[in-house]
């Protein structure tokens with residue numbers, strides 16, 4: 001700690017000296033702009049080579065200038081990079097890619113896919129692009145944001161994942177075949193993150209489509225993990241989804257666990273859900289009690305709390321950003337500065353770093369251009385405006401350009417000690433690393449909107465406010481507009497209809513006896529078969545005028561019991 005403060009001392013003094021001169025802020029502004037442009041150039045260097053050499057494969061192989069399928073076979077880098085295009089302001093390419101994806105991507109394929117990766121990259125990427133498509137100038141359908149081609153694709157991909165959740169515990173298998181469902185003989189062991197990282201995408205899907213199944217399975221999985229925490233309040237990192245026995249009992253905040261904690265917080269914010277937040281705060285106490293030492297976090301045995309690995313993993317660097325989301329900025333900043341010293345030691349974050357020895361761990365010396373430390377810097381910069389955070393951004397740009405840039409893109413760094421490269425460019429480089437860097441250097445980006453500007457959309461369910469800010473990033477940096485979740489209240493709407501009808505029923509029942517008619521006695525009136533058509537026709541105006549004359553789900557001359565039959569249920573006199 002002291003050594004680190006000493007190393008930061010001169011930096012802080014420099015800023016203190018530079019600011020009173022009056023030019024400090026301006027000079028820093030110019031600096032930000034030039035780094036922003038370098039990040040933009042970085043994106044296009046990688047993106048254009050992907051299109052040229054790797055599309056339609058999932059990922060670019062930058063050393064051989066060709067492509068490979070990695071997580072499935074759905075042009076993954078294109079889906080993952082789509083919303084980054086809009087954040088960089090490129091609407092024409094966004095529109096072109098939307099068309100390419102609609103025509104070219106098929107999920108009916110005989111491929112074994114990671115349930116977790118398909119959700120965060122494909123479902124998340126498509127949902128985010130769907131919700132941003134109007135902003136990007138795409139001609140959206142009348143029912144948008146409650147319908148649209150990208151939403152249908154996201155739903156189709158998510159449906160392919162549902163068979164994985166059919167287990168005795170509700171915790172999903174880790175792998176699913178997109179054509180046949182879960183393979184016979186599939187391992188029942190899944191990592192904690194692979195169970196607890198669905199609520200953001202699946203709740204969004206349920207709210208937009210009106211189908212509760214997605215949110216239901218995601219919640220059930222979250223609760224199963226919560227139920228299986230240890231007596232001291234910790235979770236391990238791999239569990240058997242059939243027996244609920246912990247297979248790997250190391251507890252920490254990094255690989256195998258990370259985004260479970262992240263999604264409790266982000267799910268709580270997105271859904272305004274106190275239960276999810278209180279789960280996280282309980283975990284947070286246990287994590288502080290058992291795994292935190294001097295603003296580092298170690299790995300401990302989940303039942304005993306004894307240290308099992310005194311290791312910092314690069315994936316853990318998301319934690320300061322998450323702490324900033326719950327307002328714990330001082331602690332976040334201290335941990336961030338620890339992690340930043342590791343970055344400065346190597347020009348990147350090694351996958352594992354031995355804290356007591358202060359060096360890399362054997363076979364874990366690589367840096368695959370991960371975003372997590374930059375992500376935390378972006379959040380903390382929004383919270384504090386501390387210039388140290390911009391310096392991490394600067395260091396990241398310089399490092400990545402110097403070490404990892406090759407003719408055909410940017411290559412994974414295989415070893416930070418001698419800068420050997422690997423023939424891979426993960427899709428998260430364009431989805432997350434470049435996006436968070438750009439947002440760090442672009443304070444006026446629409447993503448940072450504070451609610452002072454917004455769009456109003458008319459939907460069949462009334463007026464709807466969108467693009468007012470408060471975006472929640474999924475764990476692949478795909479921004480979800482939380483306001484959109486309140487635009488498509490199909491289920492609520494029908495519930496109110498039923499409640500109104502029930503009240504009417506009991507009022508009438510007091511005054512006279514009923515005879516039961518069939519619903520088809522509508523005669524010439526509107527069809528009772530399809531209440532959906534009645535509500536979705538021609539946006540909001542039609543619906544409102546019709547509502548004033550008679551109920552959405554009714555025919556003008558229909559008896560009361562027949563109206564109830566429209567919803568597939570008949571309430572008789574004796575109910």
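The backbone N, Cα and C atoms fix where each Cβ goes, glycine too.
Bear in mind that TrEMBL entries carry predicted annotations, made automatically and left uncurated.
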Checking 485-520, 521-556 against TrEMBL, the stretch recorded as region 'Disordered' is 521-556
Taking just the CA atoms, what is the gap between residue 258 (active site) and residue 117 (active site, proton donor) in Å?
-> 14
Around residue 117 (active site, proton donor), how many other CB atoms lie within 10 A of its CB?
-> 20
Out of these active-site residues, 258, 351, 372, which one has the fewest other C-beta atoms within 10 Å of its own C-beta?
-> 351
